[in-house]
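First comes the structure, then the notes that go with it.
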Amino acid sequence: MLEVKVISILWFIGVLAEAMTGALAAGKKQMDLFGVVIIGCVTAIGGGTLRDMLLGNYPLIWVENAHYLLAVAAASLLTVMIAPLMRYLSRLFLAIDALGLAVFSVVGAQKTLMLGYSIEIAIAMGVVTGVFGGVIRDVLCNQVPLIFKKELYALVALLTSALYVVMKLNGVVEWINLSVALTFGFSFRMLAIRYHWSMPKFDYQCQSDNIH
Amino acid sequence: MLEVKVISILWFIGVLAEAMTGALAAGKKQMDLFGVVIIGCVTAIGGGTLRDMLLGNYPLIWVENAHYLLAVAAASLLTVMIAPLMRYLSRLFLAIDALGLAVFSVVGAQKTLMLGYSIEIAIAMGVVTGVFGGVIRDVLCNQVPLIFKKELYALVALLTSALYVVMKLNGVVEWINLSVALTFGFSFRMLAIRYHWSMPKFDYQCQSDNIH
Amino acid sequence: MLEVKVISILWFIGVLAEAMTGALAAGKKQMDLFGVVIIGCVTAIGGGTLRDMLLGNYPLIWVENAHYLLAVAAASLLTVMIAPLMRYLSRLFLAIDALGLAVFSVVGAQKTLMLGYSIEIAIAMGVVTGVFGGVIRDVLCNQVPLIFKKELYALVALLTSALYVVMKLNGVVEWINLSVALTFGFSFRMLAIRYHWSMPKFDYQCQSDNIH
């Protein structure tokens, strides 16, 4: 089961990358070290945790295997130490983050299908897994979630999950499916950043106080 | 079971109305189309989802039946398209939203009773179902939840749920109970908007940094 | 089982203290009375609720026994009435809040161990129980959670939980363990407030828009 190993490694890289985005966001709000670790953990495991809570799928992965939690906490602390280097590593970091987004979306959809849910729910859970860690991070940092505003982050999660699910239903061999979906998600996200692709914005300025 | 059909239709109208309030709130924050859809979905199904997660009542309705999710996403997108009309439709919209609040509160209390919980919890879950979709919407849009400040929104949910539960315990026939509770909740909310009723505010300005 | 009674009483005092911090925070945002009650309830029972939802441990305590919910709502309303006195009671209030933090952390870790989870998860759940009520309170009041910034609140929860778990594993008699862990947590928190102890802050000011 080589593809299981490869996807596990990629998933773990993604988890660590998410922990780092959380730690950096916490640093922008001048949180203390403990706040950094908590935000890092919540960002990294929040999406998958919300997915499993929505599905009632217990025990949660990190509750059953606490090593994930320790690794994520360590990655958050490491981020604090190498923060001065982040300016120079920002391209590498964006690439790892894009990889994480693709892996989370695919893994989220994959797990949901394996639990027997419908294809719509599998795709929705791919999106939840891919983006809600970042949503919770932004809520805890008291800002409007970036993924609702920028560079197709959520659309990448949707299309990547959908691509995986559609190929799966059409009997594509798992390792080819994983390779194609991950390559697609990663490339799409990197291109969206490079060319500042974005979706149409909805700007609604109504002064009525009663429509909230 | 005519009343089951009627309440299902009213509930569905309420769900769509909530999706629209979510989409409009997202538009005020200049979110992109995807953000609008996510906020719309979370607003519409967030209250019922939180109720069922608090009760451990799985699978969630929209997980079991993904059509709800698709309908809510469609209503959010529709809102973007008809947004220029919303100024003229604001009275109609407020009425639909008030109806949604009443239906959510009654349905939330009804389901909780049917699952065998106590009357206090049924009323509490009526409030959760009625108002927490809007609370999550406001948290994701980075503002203090409006329902904690304005026009008795939450009080309507509480009294409507309580009225339903009390009549139920006193053996009132279900369709009469539903009619009375819905009419009460809808009328109370509309009157509160019309006459700007509000609850006393609690304004606590303490400069001590340590009491947080 | 004297220690069970004592810890129950201390826990209940802590719950009420948390409800009061919630009510005061709501007052700073000029919420109405209903908002105050909801924020008070969420602050008091939010940490334990999140812990049990993460563990899939249903039914929740307050769902099974609605008296807790009523007591917490009453404490929130009481806070509004005695708010003018809070200035003079602030030392007493801080002490009760510190006691609450210690009790929540110990009880959170204790319950998690009793459910058969690992020591890492027991400590993590002590932190969740101790601090996430306050985190949810701050999110609903639209501010960066204070515990991520101030006076070792979260560190107290971590060390108190860890101390309890380590002593438990080493066979320390329960009532001695509880006494030592609670005394440690309470004293540490009070000293941290008195001497303004804090953890190193992580201040990351990166102008790059793409690393979020």
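Even glycines carry a Cβ here, placed using N, Cα and C.
Annotation comment: TrEMBL describes A:9-82 (among others) as domain 'Glycine transporter'. Per-residue pLDDT, averaged over the domain 'Glycine transporter' (A:9-82), rounds to 90.
Residues or ranges marked as domain 'Glycine transporter' in TrEMBL: A:95-167 (among others).
Annotation source TrEMBL lists transmembrane segment at A:6-26 (among others). Distant neighbours of the transmembrane segment (A:6-26): 35-37, 39-45, 47, 68, 71-73, 75-80, 83, 86, 93, 96-97, 99-104, 106-107, 133-134, 137-138, 141, 178, 182; these residues of the same chain sit at least 6 beyond its ends, with a Cβ under 8 Å from one of its Cβ atoms.
Marked as transmembrane segment by TrEMBL: A:33-54 (among others). For the transmembrane segment (A:33-54), the residues of the chain that approach it from at least six positions outside its boundaries are 15-16, 18-23, 25-27, 60-62, 68-69, 72-73, 75-77, 79-80, 104, 107-108, 111-112, 125, 128-137, 140-141, judged by C-beta separation under 8 angstroms.
Residues or ranges marked as transmembrane segment by TrEMBL: A:66-85 (among others).
Here TrEMBL flags A:92-109 (among others) as transmembrane segment. Remote same-chain partners of the transmembrane segment (A:92-109), defined as residues 6 or more beyond its termini with a Cβ less than 8 Å from a stretch Cβ, comprise 7, 10-11, 13-18, 20-21, 47-48, 51, 86, 122-123, 125-131, 133, 153, 156-158, 160-161, 164-165, 178, 181-182, 184-186, 189-190, 193.
Annotated transmembrane segment per TrEMBL: A:121-140 (among others), in sequence order.
The transmembrane segment annotation in TrEMBL covers A:152-169 (among others).
For A:175-192 (among others), the entry in TrEMBL reads transmembrane segment. Away from its own ends, the transmembrane segment (A:175-192) comes close to residues 2-3, 6-7, 10, 94-95, 98-99, 101-103, 105-106, 151-153, 156-157, 159-160, 163-164, 167-168, 198 of its chain (Cβ-Cβ under 8 Å, at least six residues beyond either end).
Secondary structure of the domain 'Glycine transporter' (A:95-167), assigned with DSSP and counted as helix (H, G, I), strand (E, B) and coil, comes to 60 helix, 0 strand, 13 coil. Here the transmembrane segment (A:121-140) has long-range neighbours at 18, 21-22, 25, 39, 42-48, 50-51, 54-55, 101, 104-113, 146-147, 153-154, 156-158, 160-162, 164-165, meaning same-chain residues at least 6 beyond its ends whose C-beta is under 8 angstroms from one of its own.
In the domain 'Glycine transporter' (A:9-82), the DSSP tally of helix, strand and coil residues is 63 helix, 1 strand, 10 coil.
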